[in-house]
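Asker: Sharing a structure with you now.
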Amino acid sequence: MDGFSVVMKSEASGQAASRPAIKIVADENIPLVRECFAGLGEVITLPGRSICADDLADADVLVSRSVTKVSRELVQNSRLKFVGTCTAGFDHVDVEALNELGIGFSSAPGCNARSVVEYVLCALDILAERDGYRITGRTVGIVGKGQVGGRLFRALQALGVNVIANDPFLEPEAGVELVGLNELIERCDVIGLHTPLTTTGSHPTHHLLGESQLLALKHGTVLINAGRGAVVDNRALLSVLKSRDDLSVVLDVWEHEPDVDPELLELVDIGTPHIAGYSLDGKITGTVMVYQALCRFLGLPARVSQRDLTPLPPLMKLDFTGTVDADQATSVAMRATYDIRRDDALMRRLLKMEPEARRLAFDFMRKNYSERREFSTLKIDARRSEQAVQERLAALGFHLPDE
């Protein structure tokens, strides 16, 4: 590969040089980034939001997250040969500019999809208990049936929930009812937003839900945005919530992050600092996917695997007796793995802060997010429980050993 040799030789002796072959600049908050990439070259870690053109002037590889805006201006005067983002989405990357500049690119599609699905399910579990209903009796609408939306659709269907979807880019398929956005709003008790953020094209998603759509929500609707903040007009949402206390809103993403509107935070039912996809398992998956993509780009074998990097979970096993019912088992298992109320409580500390402190605290919570594991890491012995309990837990993705 022109200008990008992994083994560098001394010009004087022709012998292999002792210095690293390539320089990799990486976001310091990418988990296990050094352990993953150190075998390929020198790894320099920096705060993601502050990575600038000067930092990349002599770098060969950039490994980023969504907080780094990878623009033409950032990369055009560098010697970068490859950019990877350890995130499923890449609307923060100017892919066209990278192509024009001959810079390789990879994202990590689907890396944190399971984490986001579990975040949504945990939020629904908390709200259903608080308001006294069963999610199986509600109609759920999913806007955007991609990596996350598709998985959520299948999970809810497996639980026996009536699910419909809106995605103008999908062709009709068996078992999936696709409807227009207005019809979805009219029919659904729960609406989950899982689209990318786009401002151009035939179906832009910026402010997809504005004032008119928010006012049209059914009485008692639960609205969950764990996708992109600006898919919902936050100013309009604030205005609507001031006049409609029947709505329940869960926001993990916010317009103008890390600037969070404290008025809006105070009115939502659950608010978190853009961590829906922050399970340790999902983050390690993203790191490894970009590492593997870089290895392919270099023509090298990938010597680090996800199994090498993933630690044991803090809680490994639950044991249910025959007296537990499916609803009880579901709630206990989900909350044992992830109790979303903790993140909501931490987020509400922002309400007492000044704007600059609030911005810093938002990023601090993301950077120092406590370890969260996915449902599949928890083994559940439900052999003494009813078949319905076992089926529900299996549908959610928990590990049910046969013996």
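Placement of Cβ uses the backbone N, Cα and C atoms for every residue, glycine included.
Annotations in TrEMBL come from automatic prediction, not curation.
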Asker: Considering the substrate binding residues S66, Y278 given in TrEMBL, which of T87, T285, T287 is annotated for that site as well?
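Answerer: Answer, per TrEMBL (substrate site with S66, Y278), from T87, T285, T287: T87.
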Asker: Let me know which member of D125, D252, D259 TrEMBL also records as binding NAD(+) at the site of Q147, V148, D167, T195, G277.
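Answerer: The record-listed residue among the candidates is D252.
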Asker: Reported as an integer number of Å, what is the Cα distance between D252 (NAD(+) binding site) and Y278 (substrate binding site)?
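Answerer: Distance between the two Cα atoms comes out at 11 Å.
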Asker: Kindly assign V148 (NAD(+) binding site) to one of the three DSSP-derived states: helix, strand or coil.
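Answerer: For V148 (NAD(+) binding site) - judged by DSSP and reduced to three states - the answer is helix.
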Asker: Are there recorded positions among S66, T87, E257 that sit within 10 Å of H274 (active site, proton donor), Cα to Cα? If so, list them; otherwise say none.
Answerer: E257
Asker: Long-range same-chain neighbours of V148 (NAD(+) binding site), Cβ under 8 Å, sequence gap at least 6?
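Answerer: Within the chain, V148 (NAD(+) binding site) has Cβ neighbours under 8 Å at A88, A113, V116, V117, H194, A226, G227.
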Asker: At a 10 A cut-off on CB-CB distances, which of the binding-site residues T87, Q147 has the highest count?
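Answerer: Answer returned by the neighbour count: T87.
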Asker: Please report the Cα separation of Q147 (NAD(+) binding site) and Y278 (substrate binding site) in Å, rounded to an integer.
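Answerer: That comes out at 15 Å between the alpha carbons.
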